[in-house]
Each structure stands twice: as C-alpha cells, then as structure tokens.
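Written below as structure tokens is the structure these notes are about.
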Amino acid sequence: MAFVFYCFLQVLVSWVIHAVQPFCLPECTCSEESFGRSLQCMSMSLGKIPDNFPEELKQVRIENSPLFELSQGFFTNMSSLEYLWLNFNNVTVIHLGALEDLPELRELRLEGNKLRSVPWTAFRATPLLRVLDLKHNRIDSVPELALQFLTNLIYLDISSNRLTVVSKGVFLNWPAYQKRQQLGCGAEFLSNMVLSLHNNPWLCDCRLRGLAQFVKSVGPPFILVNSYLVCQGPVSKAGQLLHETELGVCMKPTISTPSVNVTIQVGKNVTLQCFAQASPSPTIAWKYPLSTWREFDVLASPIAEGIILSQLVIPAAQLVDGGNYTCMAFNSIGRSSLVILLYVQPAQAMPGLHFLSTSSEVSAYVDLRVVKQTVHGILLQWLTVTNLAEEQWFTLYITSDEALRKKVVHIGPGINTYAVDDLLPATKYKACLSLRNQPPSQGQCVVFVTGKDSGGLEGREHLLHVTVVLCAVLLALPVGAYVWVSQGPYNFSEWCWRRCPLHRKTLRCPQAVPQCKDNSFKDPSGVYEDGESHRVMEEDEEVEKEGIS
C-alpha cells in the first residue's frame, strides 16, 4: 500500500511540475536566466518566425535556420523582448514595420545573414536599442542620417560588408555623439561609442576624404574596433591604409579636346578625342545626330588618376556623319559636356549617296528602306539629312500598276516611318520620297513586288518580295533587297547587265553602290522572304519604260 501511494505521489508531482512549466516551441529550448526567460532555437527547419511565441520572453535566439525575412507582425506577442539574436540565417529583407512591436528591444544581432540594405527608419520603434550587430552581410551603403532614430545606440558593427563609400556625417550625426557635444564637461559620465568598419572593400577616392579624416582623429568617445581600413580601389591605392592615404577634394568633370573643329574628306577614317578630368573618376558618353542609325566604337583609357581619354572611332566617314558630336562626362558630383563639330568634305563623285535638290539650292540626303512586313502591308523607314538648319517637310508618293491614282502623303518634321496597308497580291509598287512638294522623279524610290496570295492571312505574311527593277533605283536599295540581288539566280553584274541596256557593255552599273557596305548602318529588320524564287519582270519594254519615268 505504501508503494502504491509513493507512485501516485510521483505522478502527481510530475503532473504539477509539467502544468506549471511554461510552453516552449518544438525544436527549441526554454530557460530562466538572470535577466528573464530565454528561448533558443538552433538549426530549426522553420522558414519564418512562428507566431505562437511564448509570452514574457526576454531573449530570443534563432540561429542556423532557413529564416528569410522579418515581416510586419512577427513579434506581436513579444512586447517585453529585450534581446533578439538572429545570427547565421538567410535573412535578406527586413520590412519597414517588422520591429514595431518591440519597444523594449535593447540588442539586435543579425550577423552572417544576406542583407543588402537596412530600413533605418524602422528603428523609430526601438528607441532603447543599444547594440546593433550587422557584420558579415552584404550591405553596400549607409545613408548620412541612418542613425538618427537610434538615440541610445552605443555599439554599431557594420564590418565585413560591401561598403565602398561612407560619409563621416553618418557618425557625426550619431545621437549619442550629439548628446556628448551638448553636455560638454558632463559627458564623461556617458558610455563610449564602439564602432566597427573593417573588412569592407573601401574605394579610396575623394568621397572617403571625410571618413579618412575621422579615422585619423578618432578618439573618445569613439572607439574603433579596428582602425586599419584597407583600400581596395582605385588601382593606384589598392592595399593602402585609409588613414595613410592622401585624398583630394571632389570636383565635377572638366572636359577638353585637341580640336573642337574637325574636317576630313569623305570616306576617310576619323577619331574624335575627349579628355575628362574629375574626382571621383568620370564616366564618359557620346551623343551625335545619327546615333540611332550609325553606331560607332568608343574606346576609353585612363591617362592618369582621375583623367580619362575617350575616343569615338568613325570608319569611312560619310557626308551624313557631319554635325555636332557631344562628349558628356559625369560623376557623383556633377556633369559637363563639350561639342566637337565634324565637317565631312564631299568628293568629286559620290557613288552610293542620293541627294534631292531644289531650285533654291536646298538638298537632302535620303535613305529609304522597307524595314518590316506585316500581315496587311509593309513599313517604310527613312533617314534624311538636309543642308538647312530648319526642319523640312517631305512628300511620299506610292503608286502601283493597279491603282488609278497615286497616293500622296505629306510627312512633317520628326517623322521617319510610314505603314503601307492593304497591298494587293502579285502587284508591283513604287514608293518615292521627295523634298517638300517636288515631283517623285526628283526623289529616292524603292520598288517592291508582292507575291501571290497563297491563302488567307497566313499566306499574306509571306507575300512580299522586295525587288529593285531599275539600276538607277539601286541608289535606294534596301539591305534586304541587296541580299536578294546578291543571292538570286543572277549575280549582281549579270543582273545589271540584263536590266540596264545602256550599260551592257560595261557589265556593271556604275551608280549601283549598295549602302551599308561597311555595316555601320543599323538595319532594324530585314524583309522576310517566302522561299519562292524571285522573278524579275519579263518584259524589257516595261523595265525601260520605268527607267524613263
């Protein structure tokens, strides 16, 4: 009987102890410490902080767990929490309101996570925070007023991150430092401020001048854990210690060039040069009128610290390449620009270029192309350059064998495309672009022939054959058409010989020099061919008649 009573007593005591013991999360351990109740979760399988934390916790320590973010509302039942350790997890994001339920928080440790930035204004909800440990993350910047809401912070560790530039104002605006400045003689009763900045890839240029001065003169109340901040860049200062490096004052770029006026003969190569000096080193870009049509190589090379030489290489300059070339340099301080005027002198004969002239000595260079085929038609695109400063109007003429009257479209300044819709199958069309109201005979033309209608819209997607019926029109030969001519049943010379009766003795068309020979013109898209053999008009009489018109 005594033995039975003893067993009953043991079970009763065990039940009472279990009933009194507070709840603890699975995979975690709870304990009573001198500062209060503590929860430790090591190598948990959870992906977020559980929402059923035991109440009245003073410390939470979660480490080596797949924890990815701190979201708003995670700490709803933890208003008394003072110590939060979330080291060696995978935290990448801290939401702005994640800390709003932690008014008593005094210590936040986030070592060894994957943070790229910190929502510094979130610390408005934790005015009692004294320790902030962010080492071994991926933070690459700290705003100048980052610490303004951390009024009681005395320990900040942002070492082993990806910081390259930090203003000394970040630390001079530290509220604890400002408080010392205000108290003056009574400041000796305040705690020192511990700061850790080492093992960052510091870029030692003028932007770190203030921090370098701060490190050189650092002393109480500041204590640097490691004052040896090593420069990783620029190359000339790599490996040097920041406090031993002489850094100049930042300045915006200044630009110079050997010549602001450059004159060359057409067809010659030319290189425009631009020198930019700035601190920190500038970035250089070029702007010129035909940048959307002709793309030139740009070479950049450092001449000295803070001095960059940029070269714009123009191969086989054409008349249309003349104009203003703007060299632009910019850095974090400002930007500057310089204009270089390029003048391309014409040669006696200009094969490959087509000019439109008027009686008032106004001329224009025109490059007319068929750049795209749609289900219902084609898209024409052109490049025009006139010898007058004011913008010019152009007239687009579209005719066909079937149409009784030609279509006339007046094109205003700034427009360089036109869609031709509702094309008939098996029909030859001619599009000409003229200056102002000049007749189409004085413009540049492109001729295209639609293929047979092979069944519905799907067939119409492949009905276009761009072909050039006249040798004279080869001046406006689009890239797609030129590919067809060079790959068709005749070679280029034979085709011209068959189609140009006046030039059959020479076996070539002297004016038929295809544009884009140097591939410098950017062709938005070639014309789609349908795989059928291209047919040249069979009647020589029709060709000759077209040549007369």
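Residue numbering: from 1, along the chain as shown.
Every residue gets a Cβ built from N, Cα and C, even glycine.
Annotation comment: Swiss-Prot describes 23-54 as domain 'LRRNT'.
The Cβ of N90 (N-linked glycosylation site) has 14 neighbouring Cβ atoms from other residues within 10 Å, across all protein chains displayed. Under DSSP, N90 (N-linked glycosylation site) is assigned to coil, being neither helix nor strand in the three-state scheme. What Swiss-Prot records for N90 (among others) is N-linked glycosylation site, and it gives sequence analysis as the kind of evidence.
The repeat 'LRR 3' annotation in Swiss-Prot covers 128-149. DSSP assignment over the repeat 'LRR 3' (128-149) gives 0 helix, 3 strand, 19 coil.
Over the domain 'Ig-like' (253-339) the predicted model carries a mean pLDDT of 92. Among the features that Swiss-Prot reports, domain 'Ig-like' is placed at 253-339.
Summarising the environment of N261 (N-linked glycosylation site), the number of other Cβ atoms within 10 Å of its Cβ, over all protein chains shown, is 9. The annotation N-linked glycosylation site is assigned in Swiss-Prot to N261 (among others) on the grounds of sequence analysis.
Per Swiss-Prot, transmembrane segment is recorded for 463-483, and the stated evidence type is sequence analysis.
Taken from Swiss-Prot, the feature N-linked glycosylation site applies to N491 (among others), supported by sequence analysis.
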What's the CA to CA span in angstrom from N90 (N-linked glycosylation site) over to N261 (N-linked glycosylation site)?
-> 58
